[in-house]
Amino acid sequence: MLQRIRKFTDRLLQIDSAYMITNGFWLSFGKIMSMLVLLFLSVAYAKYLTKDVYGEFRYVMSAMGMFSILTFPGLATSVMRSVARGYEGTFRDAAWRMFFISFGMTVVGFGFAFFYFFFPQNISLAFGFVVAAALAPLVEGLGTWRAYLDGKKEFKQKALRNISGNIFYGLLMATALAAIYYGHASINISLAILLGASYIGHGLPNIIYSIKSLRNIPANAPTEPGSLTYGYHLTLLDIIPNVAYNIDAILLFNFLGPSTLAVYSFAIAPIEQIRTLFDLVLTMVFPKIAMKTKNAETTDKLKGAIRVKVLRSLPVTAAAVLAYILAAPVLYHYLFPAYTESILPSQILALSLIFFPLNISTSALKAEGNIKKLFIISTIPPVAKIAAFLVFVPLYGLWGAVAVRVAGIILNYFLAFFLFQKKLAMI
């Protein structure tokens with residue numbers, strides 16, 4: 001009976017369910033554990049932090065997220081692709097480069113801290129940026145081990161490491177919240193403690209797991225020619241999308257203050273967790289996609305397979321979105337009673353998830369390596385999104401940000417699907 005169900009699922013969604021179940025169990029288990037930790041912390045944030053403190057915390061994290069482009073994150077994608085093709089030495093070269101390059105974030109972060117020191121009303125941000133900038137390389141510069149394990153298809157190992165790392169992070173953040181709440185810390189001290197705990201909570205596991213992964217690579221492991229250059233190209237293409245991803249939080253903070261940003265962040269948080277859960281599928285299929293984009297013949301077959309997968313997956317994501325929209329009021333009233341104003345924005349933001357199956361084309365584009373297509377997908381949607389944020393956030397505030405975010409995500413999905421199906425000369 002189970003065998004018949006599996007075969008029916010394979011035919012319906014055009015997937016290898018045995019592969020998905022074997023590898024998906026560990027990825028899903030790891031993600032669920034991570035979501036539980038984040039849910040626990042979100043409830044604690046809502047209960048023990050003021051909206052101003054949480055809003056400033058999100059602002060510094062968004063600004064540092066924008067600066068993370070200085071770590072050349074595109075190298076992680078090139079590592080995953082190269083390792084999947086048998087070039088494990090690429091990870092060693094990329095990991096060291098990303099770590100040393102990541103100190104560029106430190107320089108920029110210190111610059112922002114210096115700027116805010118001249119504004120007494122924002123002195124808490126100065127302290128926050130000092131802490132974040134000093135510790136950023138441990139997080140942004142040492143996270144390539146995940147791409148290495150993805151390329152090796154060692155999803156169980158990745159899940160176990162993520163689980164232990166997230167538990168450590170959760171305990172450290174809980175300790176920080178207790179110190180802030182029971183110590184009646186000022187906003188200056190609160191922000192510094194939160195950011196320090198956040199970066200150390202992610203950074204220490206990164207140090208341990210990066211060393212372990214590097215030790216597993218033979219000294220004579222081959223490096224794929226051109227892989228690092230491809231990673232640099234991906235990073236350049238990711239500059240504008242990176243700005244587009246973080247600019248909404250920065251604009252909301254500067255135009256409407258930290259409290260509005262806190263409300264917006266709580267509206268986005270559940271949607272991003274659901275999206276990350278959906279992303280597990282893309283993580284699992286990327287190594288297979290990388291193998292199927294080696295030549296024109298296999299790439300053409302992949303295009304047809306993706307069309308079928310997308311059409312058959314859309315009803316599944318639509319049902320998931322409907323379930324969330326119906327459940328959101330109850331979840332917020334019980335878990336985040338201080339943020340019930342986030343309910344409607346969150347429900348609207350969830351609509352973008354309906355078209356998530358189209359996002360498999362983004363993974364296919366990266367695996368294919370067509371720089372012309374990647375340039376288009378990395379410029380048109382984010383440029384339009386940035387321009388729209390600059391217009392609609394000052395005019396319509398929170399609702400302007402919500403509308404632009406939903407429209408931008410959907411535009412990106414459809415354009416990625418169109419570009420992968422279309423033939424364009426390689427650069």
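Backbone N, Cα and C atoms are what each Cβ position is placed from, and that goes for glycine too.
Annotations in TrEMBL come from automatic prediction, not curation.
As the structure is a computational prediction, the values presented were derived from the model and not from experiment.
What TrEMBL says about this one:
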TRANSMEM  21-45  transmembrane segment
TRANSMEM  57-77  transmembrane segment
TRANSMEM  98-119  transmembrane segment
TRANSMEM  125-145  transmembrane segment
TRANSMEM  166-183  transmembrane segment
TRANSMEM  189-209  transmembrane segment
TRANSMEM  310-332  transmembrane segment
TRANSMEM  344-362  transmembrane segment
TRANSMEM  374-396  transmembrane segment
TRANSMEM  402-420  transmembrane segment
Intrachain residues whose Cβ lies under 8 Å of the transmembrane segment (310-332), provided they are six or more past its termini
12-14, 270, 274, 278, 339-340, 342-343, 346-347, 350-351, 353-358, 360-361, 417
Given a Cβ distance threshold of under 8 angstroms, which distant residues of the chain, six or more beyond its ends, lie next to the transmembrane segment (344-362)?
263-264, 266-268, 270-271, 274-275, 278, 281-282, 285, 306, 309-310, 313-314, 316-318, 320-321, 324-325, 328, 332, 377, 398-399, 402-403, 405-406, 409-410, 412-414, 416-417, 419-421
Among 21-45, 166-183, 189-209, 374-396, which stretch has the most Cβ pairs under 8 Å to the transmembrane segment (402-420)?
374-396
Should anything in the same chain at least six residues away from the transmembrane segment (125-145) have a Cβ under 8 Å from its Cβ atoms, list it; otherwise answer none.
56-57, 59-61, 63-64, 67-68, 71, 73, 75-76, 79, 91, 94-95, 98-103, 105-110, 112-117, 161, 188-189, 191-192, 195-196, 199-200, 202-204, 206-207, 209-210, 212-213
Recorded stretch that, among 21-45, 98-119, 166-183, 189-209, has the most CB pairs under 8 Å to the transmembrane segment (57-77):
98-119
Non-local residues, at least 6 beyond the ends, that sit with Cβ under 8 Å of the transmembrane segment (21-45):
54, 153, 155-156, 158-160, 162-163, 166-167, 169-170, 173-174, 177, 266, 269, 273, 276-277, 280-281, 283-284, 335-336
